[in-house]
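Take a look at the structure below.
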Amino acid sequence: MNNIWWQTKGQGNVHLVLLHGWGLNAEVWRCIDEELSSHFTLHLVDLPGFGRSQGFGALSLADMAEAVLQQAPDKAIWLGWSLGGLVASQIALTHPERVQALVTVASSPCFSARDDWPGIKPDVLAGFQQQLSDDFQRTVERFLALQTMGTETARQDARALKKTVLALPMPEVDVLNGGLEILKTVDLRQPLQNVPMPFLRLYGYLDGLVPRKVVPMLDKLWPRSKSYIFAKAAHAPFISHPVEFCHLLVALKQRV
């Protein structure tokens, strides 16, 4: 039986589901889960194939979203970080009646660089896929180091991410590859133009994976959404700026 690992804490009248990024697991939220569970009923999830949600293999974005929805509350704010942002966005597109608000963190509707679009160069993603089969622990560590580069607390933030990864069994190589395939191929720029719920996009100014140039482009493409840039954060603003991060979510709660 393939089970999604799911933990619920807090007693808030609004549910908040947190979806982590590639290679990680729900332990990444431990820096903010106490604070958030005093305002929300908080749901911590290991995405299929990651952390404690074992036995899935590589999934498409649509299948990943459906697997996560099985155990989800009827209505919630869905927050997704990085790859998790694509999963949360997919749920908002296919089941809008279950999403009170959509929050994406250091995420892009199209992670891969295109002619007219800043992002991760496709050969970099392909390189990660190649290196995974050679030395996958080192490849994951390199990817984590990329996420915190440039911040004042880069070293300790990278340590926090590494600790999260090492706390639980590593995902299977095919699961990690499948996640990179989603980052390489998915493009939700047009579909997300029409999501009906409040939509908040959070970014780090120093992010090396989601260039800040996408922010004004998406402001224009999705005029109903709101964006916020953490001036001194990279790819994990909730680790480097936990207080500011939680304030934004509590403020959003008033709008749903």
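Positions of Cβ are set from backbone N, Cα and C atoms, glycine also.
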Discussion item. Please identify which of Trp5, Trp6, Trp22 is recorded by Swiss-Prot as part of the substrate site containing Ser82, Leu83, Phe143, Leu144, Ala145, Leu146, Gln147, His235.
Written reply: Trp22
Item to complete: Using a 10 Å cut-off, grab the number of neighbouring Cβ atoms around the Cβ of Ser82 (active site, nucleophile), all chains included.
Response: 27
Worksheet item: Cα of Leu83 (substrate binding site) to Cα of Asp207 (active site): how many Å, rounded?
Response: 14
Worksheet item: What span in Å does the substrate site cover, taken as the longest CA to CA distance among Trp22, Ser82, Leu83, Phe143, Leu144, Ala145, Leu146, Gln147, His235?
Response: 16
Response to the item:
Asp207 (active site) falls, by DSSP collapsed to helix, strand or coil, into coil
Worksheet, complete the sentence: With the fewest other Cβ atoms within 10 Å, the residue among the binding-site residues Leu83, Leu144, Leu146 is Leu146
Worksheet entry | From Trp22, Ser82, Leu144, Leu146, His235: recorded positions whose CA lies within 10 A of Asp207 (active site) | Leu146, His235
